[in-house]
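As structure tokens, the structure follows; a few thoughts come after it.
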Amino acid sequence: MNFLLLVLAALGFLTQVIPASAGGSKCVSNTPGYCRTYCHWGETALFMCNASRKCCVSYSFLPKADLPRLIGNHWQSRRRNTQRKDKKQQTTVTS
């Protein structure tokens with residue numbers, strides 16, 4: 001019984017001492033990432049912390065790409081307008 005209590009006390013102490021971030025230290029102060037040898041699934045490396053460790057940041061912290069939505073429709077509508085103008089010019093020239 002005393003041995004079981006000793007084991008439980010040791011495990012409780014170890015949970016306080018061992019870091020929960022898988023051994024990774026924080027990157028630069030403003031970066032929401034951790035320095036690791038390999039990035040976890042769902043993370044990408046932004047820069048190197050040192051020669052062997054990368055600053056791994058979760059995809060959820062990265063900015064989304066800001067692309068215009070109607071690029072394809074815009075060019076199709078412009079193409080139709082030029083074809084209509086060409087047809088009008090052809091009819092006026094031939095008559």
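Here the Cβ of each residue, glycine as well, is placed from N, Cα and C on the backbone.
Residues annotated as compositional bias 'Basic residues' in Swiss-Prot: 76-87.
Contacts of Cys27 (disulfide bond) defined by a Cβ separation under 8 A and a same-chain sequence distance of 6+ are given as Gly33, Tyr34, Cys35, Leu46, Cys49, Cys55, Val57, in order along the sequence. Under the DSSP three-state reduction, Cys27 (disulfide bond) is assigned to coil, being neither helix nor strand. Annotation comment: Swiss-Prot describes Cys27-Cys55 (among others) as disulfide bond.
Positions annotated as disulfide bond by Swiss-Prot: Cys35-Cys49 (among others). The local packing around Cys49 (disulfide bond), expressed as other Cβ atoms within 10 Å of its Cβ over all shown chains, amounts to 22.
Look at Cys39 (disulfide bond): DSSP puts it in coil. Look at Swiss-Prot and you will find Cys39-Cys56 (among others) tagged as disulfide bond.
Marked as region 'Disordered' by Swiss-Prot: 76-95.
Per Swiss-Prot, the feature signal peptide maps to 1-22.
Mapped onto three states, the DSSP output places Cys49 (disulfide bond) in coil.
The Cβ of Cys39 (disulfide bond) lies under 8 Å from the Cβ of Ala45, Lys54, Cys56, each of these being in the same chain and 6 or more residues away along the sequence.
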